[in-house]
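These come from TrEMBL:
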type: DOMAIN; residues: 29-472; note: domain 'Major facilitator superfamily (MFS) profile'
type: TRANSMEM; residues: 21-42; note: transmembrane segment
type: TRANSMEM; residues: 77-98; note: transmembrane segment
type: TRANSMEM; residues: 110-130; note: transmembrane segment
type: TRANSMEM; residues: 136-158; note: transmembrane segment
type: TRANSMEM; residues: 170-194; note: transmembrane segment
type: TRANSMEM; residues: 200-221; note: transmembrane segment
type: TRANSMEM; residues: 286-308; note: transmembrane segment
type: TRANSMEM; residues: 324-344; note: transmembrane segment
type: TRANSMEM; residues: 351-373; note: transmembrane segment
type: TRANSMEM; residues: 379-406; note: transmembrane segment
type: TRANSMEM; residues: 418-441; note: transmembrane segment
type: TRANSMEM; residues: 447-468; note: transmembrane segment
Amino acid sequence: MKLKGEKRESSDCDEGSKGKMTFLLALVALISAFGSSFQYGYNVSVINSPAPYMQDFYNRTYFNRTGVPMDSGFQTLLWSLTVSMYPLGGLFGSLMVWPMVNNCGRKGTLLINNLFSITAAILMGTSEIAKTFEVIILSRVIMGIYAGLASNVVPMFLGEISPKNLRGAMGIVPQLFISIGILVAQIFGLSSILGNVEGWPVLLGLTGIPSLIQLLILPFFPESPRYLLLQKGNEEEARQALQRLRGWDDVDDEIEEMRQEDRSEKEEGHFTVLSLCTFRGLRWQLISIIVMMMGQQLSGVNAVFYYADRIFQSAGVDGNNVQYVTVSIGAINVVMTLLAVFIVESLGRRVLLLAGFGLCCVSCAVLTLALNLQTTVSWMSYLSIVCVIVYIIGHAIGASPIPFLLITEMFLQSSRPAAFMVGGSVHWICNFTVGLVFLYMEAGLGAYSFLIFCAICLATIVYIFIIVPETKNKTFMEINRIMAKRNKVEIQGDKEELKDFHTVPGGQTEKKEFASIEL
């Protein structure tokens, strides 16, 4: 037992150094997000600008092989595959999350994942020289797998290594780098830079550089202490990793919090997706992430970007300058996501979610009106521009970054990988579905498509308001207790005494219990 004075000193340390952003913690976040999340965003928009040149390459290659021009229907099919294989690969990547993070660790999974990106970058970069368009389509699947893993593992990794008072800000860093990736691809894709007939293979191949940097630097950083302690049962390594990340020797409080988490879930063991879906104690957490992920992707963000060009053209922007307007929208996205990093710990997750989806909902409703009236009322086209900007702001501060953060916070160690696998799969299935269905929806409904997105945003707001709790500045166990009341279950760890962990020297009791979880 600690003396009273010692305990207060430890508490002071917890208030001070442990809650601060250390240089190492910032560096881990930077390298993880730049090496992984950045490329998810980069590959979302990298093929938009050079599309005409790539389609011409498809046509020329086909003509050189067969001696006849490519049928327009076949060319449309090939281009549709080029676009849609990315989210399909993302789904495959999400399905790999659970086995990989449990067997290879969080850091290990990110390192292995880089091999997908580097392989795809080499294939895409050399596709024109090799005169084969098939490898571009194959590479889009590979990059999708990479993005599917990265979009889930980076938030999980950063959430687990962060102190509770920085977890929100750190959880939004991946989304910040996704939006930076989109912006960089838009800038490099300008016709004056690489979005031209000579530059597009280089534009596609650049995606391998961040992976190479991460592959060289990330091995020198610590693994997730929670993974080391709760899944590997190695307290010494976990303690050393925590000490490095916090810049402080006394990490007993956090180690003890992990032990409490372990005691609360030791009876269930590690969750598979099936056991997660059937376990009553996590019912509302699971429903919540599914609703938020569906809301995130089905709220019309792809449609807004799709309509953005014609909205700006109708407002009088010259066709040649629309690409610069697209870049400016990407810049707004980055700035607002950066703002979310700084305000999430003060305003909380719920406020940003409700405000974000609220802005999206109102924007979609007004945009429907503006698009239908812009031929009769001259200033409606300017109102459309305002709606697009407001929508982007709403999505950037809430709908885009917060759902992935809440998967980290609403699930404990044993269920978190399976939860990310479910959430990630829903994310990519909805992404794929919107890409597949929207063109038909737009052809049939026109501007009224946005009313459907408005209704989805509204439904998501109602659900979040009623069900989703505030998780700001709470430990994983505190959040788990809040959700346990909603699930009407008791937490195992609350019934057990802490003395089990103090009476046995050398940490033997803990290691036995950790071993029992893995069996």
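Every residue gets a Cβ built from N, Cα and C, even glycine.
A TrEMBL annotation is a machine prediction, not a hand-curated record.
Sequence-distant neighbours of the transmembrane segment (200-221) (same chain, 6+ residues past either end, Cβ-Cβ under 8 Å): 24, 27-28, 31-32, 34-36, 38-39, 42-43, 46-47, 49-50, 53-54, 57, 107, 110-111, 114, 117-118, 120-122, 124-129, 136, 139, 143, 185, 188-189, 194. Confidence for the domain 'Major facilitator superfamily (MFS) profile' (29-472), expressed as mean pLDDT, is 90. Counted over residue pairs 6 or more apart, the CB atoms of the transmembrane segment (286-308) and the transmembrane segment (418-441) come under 8 Å in at least three pairs, which marks the two as touching. Contact counts against the transmembrane segment (324-344), taken as Cβ pairs under 8 Å, peak for 379-406 among the stretches 77-98, 136-158, 351-373, 379-406. With a cut-off of 8 Å between Cβ atoms, the residues of this chain six or more beyond the transmembrane segment (418-441) that come close are 83-84, 87-88, 90-91, 93-95, 97-98, 101, 144, 148, 151-153, 155-156, 271-273, 275-277, 282, 285-286, 289-290, 293-294, 296-298, 302-303, 306, 403-404, 407, 410-411, 449, 452. If you count C-beta pairs under 8 angstroms between the transmembrane segment (136-158) and each of 21-42, 170-194, 351-373, the highest count goes to 21-42.
Distant neighbours of the transmembrane segment (170-194): 25, 29, 32-34, 36-46, 48-50, 151, 154-155, 158-159, 161-162, 200, 202-203, 206, 323-324, 326-327, 330-331, 333-334, 337-338, 340-341, 344, 396, 400-402, 404-405, 408-409; these residues of the same chain sit at least 6 beyond its ends, with a Cβ under 8 Å from one of its Cβ atoms.
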